[in-house]
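Copied over from TrEMBL:
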SITE      Arg20  site 'Transition state stabilizer'
ACT_SITE  Tyr25  active site, proton acceptor
BINDING   Asn76, His82, Asp89, Ile103, Ser104, Arg113  substrate binding site
ACT_SITE  His102  active site, proton donor
Amino acid sequence: MYLKRLLMLNGPNLNLLGKRENEVYGEFTLQDIENEITKLVEDYGYRLDSKQSNHEGELVDILQAADGEYDGVIFNPAAYTHTSVALHDVIKAISLPVIEVHISNIHSREEFRHKSLLASVCYGQIIGFGKQGYRLAALALLPEQK
Ligand code: DQA
């Protein structure tokens with residue numbers, strides 16, 4: 001079955017983009033990112049569904065339900081990147097390519113952000129390119145030709 005659907009999933013506090021630590025995360029909102037990535041994937045004939053949750057278990061539920069429904073996931077797990085064995089396990093359990101995205105360069109920040117519990121089970125990781133990271137992740141999941 002050819003689905004042509006991508007899921008963009010954002011974790012805790014990313015609903016606050018635009019009014020949260022602008023010097024780290026920029027001025028743009030989550031809605032701005034959603035609009036931009038929706039347009040990009042639609043140019044390829046794909047559909048984007050976008051979800052955000054502040055709750056670890058809900059992110060697990062969304063990823064479980066996504067299996068078989070999407071071609072790939074653009075995922076910014078936010079703070080759960082550094083703590084969540086449950087997200088590690090669900091990404092390992094499903095057969096979808098999941099790309100881990102971080103707006104900021106987590107390696108140039110506090111030491112507790114340097115470790116990702118998810119990177120080893122993700123298809124790839126894109127870090128430190130601001131909102132451009134979501135675009136790069138989408139391009140990695142889309143076909144080479146439009
Ligand atoms: C983040 C980096 C995380 O360390 C942090 O907890 C976030 C956002 C990023 O996109 O740069 O909430 O994932």
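Cβ from N, Cα, C; glycine included.
Among the recorded positions Arg20, Asp89, Ser104, the ones whose Cβ sits under 6 Å from an atom of ligand 1 are, in sequence order, Ser104. With Asn76, His82, Asp89, Ile103, Ser104, Arg113 listed as the residues that bind substrate, the site has a largest C-alpha separation of 24 Å. Inclusion criterion for the recorded positions Arg20, Tyr25, His102: a C-alpha placed within 10 angstroms of the C-alpha of Asn76 (substrate binding site); this criterion is met by His102. Using CA atoms as reference points, the recorded positions Arg20, Tyr25, His102 were checked against Asp89 (substrate binding site), and the closest is His102. By the criterion of other Cβ atoms within 10 Å of the residue's own Cβ, the least surrounded of the recorded positions Arg20, Arg113 is Arg20. Geometry remark: His82 (substrate binding site) versus His102 (active site, proton donor), CA distance 12 Å. Under the DSSP three-state reduction, His102 (active site, proton donor) is assigned to strand. Same-chain residues at least 6 positions away in sequence with a Cβ under 8 Å from that of Ser104 (substrate binding site) are, in sequence order, Val24, Tyr25, Ile127, Gly128. Here Arg113 (substrate binding site) is positioned 11 angstrom away from His102 (active site, proton donor), judged by their C-alpha atoms. A gap of 17 Å separates the Cα atoms of Arg113 (substrate binding site) and Arg20 (site 'Transition state stabilizer').
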